[in-house]
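Taken from Swiss-Prot, the feature region 'Disordered' applies to 69-102, 599-634. Taken from Swiss-Prot, the feature compositional bias 'Basic and acidic residues' covers 70-84, 599-611. The domain 'ClpX-type ZB' annotation in Swiss-Prot covers 94-147. What Swiss-Prot records for Cys106, Cys109, Cys128, Cys131 is Zn(2+) binding site. The annotation ATP binding site is assigned in Swiss-Prot to Pro295, Thr296, Gly297, Ser298, Gly299, Lys300, Thr301, Leu302. Here Swiss-Prot flags Lys438 as N6-acetyllysine, drawing on similarity to another entry.
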Amino acid sequence: MSSCGACTCGAAAARLLTTSLTSAQRGISCGRIHVPVLGRLGTTLDAQALRRAPLRTFSETPAYFASKDGANKDGSGDGNKKSVTEGSSKKSGSGNSGKGGNQLRCPKCGDLCTHVETFVSSTRFVKCEKCHHFFVVLSEADSKKSIIKEPESAAEAVKLAFQQKPPPPPKKIYNYLDKYVVGQSFAKKVLSVAVYNHYKRIYNNIPANLRQQAEAEKQTSLTPRELEIRRREDEYRFTKLLQIAGISPHGNALGASMQQQVNQQMPQEKRGGEVLDSSQDDIKLEKSNILLLGPTGSGKTLLAQTLAKCLDVPFAICDCTTLTQAGYVGEDIESVIAKLLQDANYNVEKAQQGIVFLDEVDKIGSVPGIHQLRDVGGEGVQQGLLKLLEGTIVNVPEKNSRKLRGETVQVDTTNVLFVASGAFNGLDRIISRRKNEKYLGFGTPSNLGKGRRAAAAADLANRSGESNTHQDIEEKDRLLRHVEARDLIEFGMIPEFVGRLPVVVPLHSLDEKTLVQILTEPRNAVIPQYQALFSMDKCELNVTEDALKAIARLALERKTGARGLRSIMEKLLLEPMFEVPNSDIVCVEVDKEVVEGKKEPGYIRAPSKESSEEEYDSGVEEDGWPRQADAANS
């Protein structure tokens, strides 16, 4: 051992060294020297002195201690975390025996601890005279700096939230969607039930690990001494203790050992013969992904946007038109989960319980043709989404990190619910061909499917011809209600992709009555939006009932659904929105003839200042005649 001339810790180190064991892993460092507290003893110690020395161990952990090799010298296997507890007084004395106002108790035996005399004004070393253990005391100020509140796991958070505030029932979600979306009652019921079951699946699947851990702890056999140690540990614990891995001021060596102990305490999954011998097993609820299909402007995206506002889980809306296969220019498939992680504020545990809405999924349908060697934006994207829909671990780039650095976060999509939607233009023609197939000789069908583009072209050609709009809508809705998986496969979706979307929900087209309701009834309706625009210029907008029906008929003829309403309103109100600002117009009236283009919108103007002054003067003169008559009579 090297000597220290002016250092005050030399005597303390020498005293500790004389009462040590024959091996240890650490030492006391001070200034210019490093004195091993429990080092391998050579010939420097007398053998008789070593036999007379009591059995002691030393721990440098601020809030825990760990015996050497994780076990006591009596073989009781006490490698758990311990703390030095304080008595009634908060202020710790320096160099006192601990019998006054400051009382530090040993976490192993509960006996009083005494401070080690080191000729220093303040010491953090205490020892227990009964079990001969040394400890490092962490002050209250240091504990506030070092002890950080450990975030509870996502499973505990979900379980606690489920107990305190149960998930909204499907009827409540349905009523909320009804305030913003008109019609589509079947689709709203399916989404409401799917969201509610998603909450229940999270509550059922994730806390199962906690229950298994509790059962494993109960089955662990403990000796009476270990039970006594645990009882005293709970009795004298004075603060919440922190997992020491990675934050110990003395390094990560002790933290690594603690992490290994935690990993050993985690319940292990049953393997091999244990699965065969087990008599019962927990039911794991699997997810049912949803596919929404319907004409454009029927409310598919609006349903998703409205649903995202009322959920307590992360919700991400992703556009499939920009996705490409890995290695090509465009967005990677992992960007779908990256958006979900961003919505969860980069909380991985929370993102693994979210909902992903895949919009425009029909645009990734494969296009048949021998001229195309590789469909990177169609079938390649579907193949990349297969494991994502079923459940896999996705490597998502970290926040503020480039892709080339390789800094990724692993996200498990097993409990992520996927809702896909698409217009699927021409799908009704494919269903019609399937239902009206005519067979030639040897069972060969006369009308073979030609894929997505041929079906869409046939549907567009049918729209261009003159036909009854109401009959076309009814026929299309009737056919979509009979959609099957083989129709989607003929459209261009691969069978593996269709099989991972078991719930298929067709949305019906919007009729005239529904379009009139969309104009006025929802909270974010079209007519109230334009009325708010005119009210900013201190002007009113009045639209008659006949005008609303005429606007709905125009939208039906355009066959663009509810999106056609806004374009019609923009065209009708272009001139009024140009004339009203900085004018005397106080009201704009729109009737049926204005919608049909037979006349211009009507304006109601405020009276000018000169006319109002003349009317006021004439009114004063008229009021003056009775006064003069009364004065004359009096």
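Cβ atoms here come from the backbone N, Cα and C positions, even for glycine.
Restricting the average to the domain 'ClpX-type ZB' (94-147) gives a pLDDT of 61. Each of the binding-site residues Cys109, Cys131 was assessed for Cβ neighbours inside 10 Å, and the highest tally belongs to Cys131. Cys128 (Zn(2+) binding site) falls within a strand when secondary structure is assigned with DSSP. Less than 8 angstroms from the CB of Gly297 (ATP binding site) sit Leu510, Thr560, Gly561, Ala562, Arg563, Gly564, each of them six or more residues away in the same chain.
Closest by Cα distance to Cys106 (Zn(2+) binding site), from the binding-site residues Pro295, Thr296, Ser298, Leu302, is Leu302. For Leu302 (ATP binding site), the count of additional Cβ atoms within 10 Å of its Cβ stands at 19 [all protein chains shown].
Closest by Cα distance to Gly299 (ATP binding site), from the binding-site residues Cys109, Cys128, Cys131, is Cys109. For Thr296 (ATP binding site), the Cβ neighbour count at a 10 Å cut-off comes to 16, with all displayed protein chains included. The Cβ of Thr301 has fewer other Cβ atoms within 10 Å than any other of the binding-site residues Ser298, Thr301.
Among the binding-site residues Cys109, Cys128, Cys131, the residue whose Cα lies closest in space to that of Leu302 (ATP binding site) is Cys109. For the pair Thr301 (ATP binding site) and Cys131 (Zn(2+) binding site), the C-alpha distance works out to 69 angstrom. For the recorded Zn(2+) site, residues Cys106, Cys109, Cys128, Cys131 set the reference point as the centre of their Cβ atoms, and the other residues of that chain within 8 Å of it by Cβ are Pro107, Lys108, Gly110, Asp111, Cys113, Glu129, Lys130, His132, His133.
Cα to Cα, Thr296 (ATP binding site) and Cys131 (Zn(2+) binding site) are separated by 79 Å.
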